[in-house]
Amino acid sequence: MIHRAPLHLLYLNVLVIATCGLIYELLAGTLASYLLGDSVTQFSLIIGVYLSALGFGAWLSQYVTTKLARVFIEVELALALLGGFSTPLLFLAFPMIEWFQWLLFGSVIVIGTLVGLELPLLMRILKEHLEFEELISRVLAFDYLGALFASLLFPIFLVPRLGLNRTAIVFGLLNALVGLWGTYLLRPLLAKKGLDGLRGRAFLVIGLLIAGFIKADSITSLAEENTLGGRIVYADTSPYQRIAVTRNEKGFQLYLNGHLQFNSVDEYRYHEALVHPVMSVCKDARRVLVLGGGDGLAVREILRYDHVESVTLVDLDPAMTRLATQFEPLAELNGRSLERDRVTVVHRDAFLWVGEGDEQFDAVVIDFPDPGNYSIGKLYSSRFYNLLRERMTEDAGLAIQCTSPLVAPKSYWCILRTMQASGFDVTPYHAPVPTFGIWGFALARIAEDPESDSDWRLPPELSAKVAGLRYLTPSTMAGLFDLPADQQPRDVPPNRLNDQILVRFYDEEWGQNQ
């Protein structure tokens with residue numbers, strides 16, 4: 001017989017196991033998005049498979065006819081081990097196993113099945129002590145409350161503070177503690193024989209998870225080094241992304257969510273090609289806007305022009321600009337550009353920021369990550385470009401990176417078509433960057449009328465006001481605008497906010513080249 005006080009403690013168990021269950025689901029979805037890309041597809045698949053596994057676990061519970069309390073505790077301990085170590089082990093397995101997705105979804109099915117077993121078993125344990133209506137209402141209320149806790153804790157505290165690996169281990173520990181606690185709360189329902197062994201296994205699982213928590217940083221570094229192919233020298237997890245910097249004998253590399261952003265060996269080619277064409281067109285630009293580019297490297301190039309009075313950099317993630325100022329190798333590489341008096345840093349979603357203000361700029365440089373998901377894809381939409389157009393002066397120019405026109409031609413030309421549909425005259429150009437291959441850019445200005453100034457479409461002459469470039473020369477600048485036959489325009493529709501075809505193009509084209 002379970003007394004009234006332990007009954008209330010069992011409700012707390014419901015709250016804990018519900019929170020743990022949703023956290024495991026969120027971890028799987030986040031991990032899949034981080035490693036495989038396309039967050040909408042990955043989360044949709046994870047949620048669907050996980051919910052199906054919950055149902056399968058609930059169905060299986062009918063075949064547990066005896067020793068309910070013992071089976072419940074065994075399930076908690078199994079879930080503690082599998083759920084707690086699932087994320088670290090999947091991180092380690094990713095670069096080594098070709099059939100990683102099968103392993104990922106297999107773990108989701110097993111964890112979901114175990115979670116699906118928990119509540120039916122606990123409800124059957126409680127049914128002898130509560131009326132049916134009271135049992136259902138209380139258990140489900142605590143179950144949904146646990147889901148609320150999980151959904152709030154995960155993005156606000158757990159991922160930014162603990163990271164994915166430690167979050168998984170912490171909730172594995174909670175499951176193990178529920179199991180250990182159950183050996184005392186449910187003592188009247190447990191046979192004395194084997195009880196010490198059950199508690200011993202619970203302590204063993206807790207010990208393993210504590211050891212895993214202590215070594216979580218080492219596990220994370222090993223997994224990322226295997227995935228990224230270099231020694232991790234800096235890592236940070238923000239509410240928006242995972243930031244990692246690797247180093248090899250040639251230099252250091254920045255990765256965001258596992259995707260390479262630049263290599264210090266040849267980043268100057270990319271950033272000179274991004275910045276100097278538009279600054280050569282906007283010869284006397286005084287106010288310059290940089291969207292993205294929190295590494296400070298594009299700003300470094302803009303500050304070469306003495307006539308620039310102010311640079312406003314808008315980057316969503318403070319962790320990125322903190323890296324640019326506090327990680328000494330990057331601070332040296334960007335010339336401490338973000339610390340200059342002429343530079344103002346704004347931490348804001350660029351989509352919202354562009355739509356809220358009215359200050360206008362003489363030149364705009366856009367250095368967003370590639371449109372690999374819908375949250376970034378909105379920054380390449382016609383709606384965004386329409387808003388941005390209102391923040392540009394009449395003679396302003398705009399430069400944007402547009403992924404590779406060779407590897408992803410539909411993605412590249414979709415970006416340009418979107419800008420044209422938003423009222424810009426657009427000129428394509430490209431540059432060879434050894435780390436990335438052929439990389440695409442676009443130079444644009446507001447179209448005044450269908451018969452736009454033809455001089456705009458001519459290759460701009462490299463400004464005589466800039467010095468110290470390592471890549472661009474007057475003849476090199478002209479060559480950027482000479483597209484070969486295999487990079488000619490494609491007939492693709494524009495990218496709209498409510499139909500982000502660009503993200504699908506990008507996933508399709510880059511997925512084929514992985």
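Cβ coordinates come from backbone N, Cα and C, glycine included.
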Per Swiss-Prot, Q241, D349, A350 bind S-methyl-5'-thioadenosine; matching candidate in D284, D306, D315, D395: D315
Rounded to the nearest Å - Cα separation of H271 (spermidine binding site) and D349 (S-methyl-5'-thioadenosine binding site): 22
Largest tally of Cβ atoms lying within 10 Å of a Cβ, found at which of the recorded positions D295, D349, D367: D295
Mean predicted confidence [pLDDT] for the region 'Spermidine synthase' (198-453): 93
Distant-in-sequence Cβ neighbours of A350 (S-methyl-5'-thioadenosine binding site), under 8 Å, six or more positions away: L291, G292, V314, D315, L316, F368, L379, F384
Other CB atoms within 10 A, centred on Q241 (S-methyl-5'-thioadenosine binding site): 19
Among Q241, D349, D367, which are recorded as recorded positions, the nearest neighbour of D295 (spermidine binding site) by Cα: D367
Selected stretch (most C-beta pairs under 8 A with the transmembrane segment (40-60)) from 9-29, 77-97, 102-122, 139-159, 169-189: 102-122
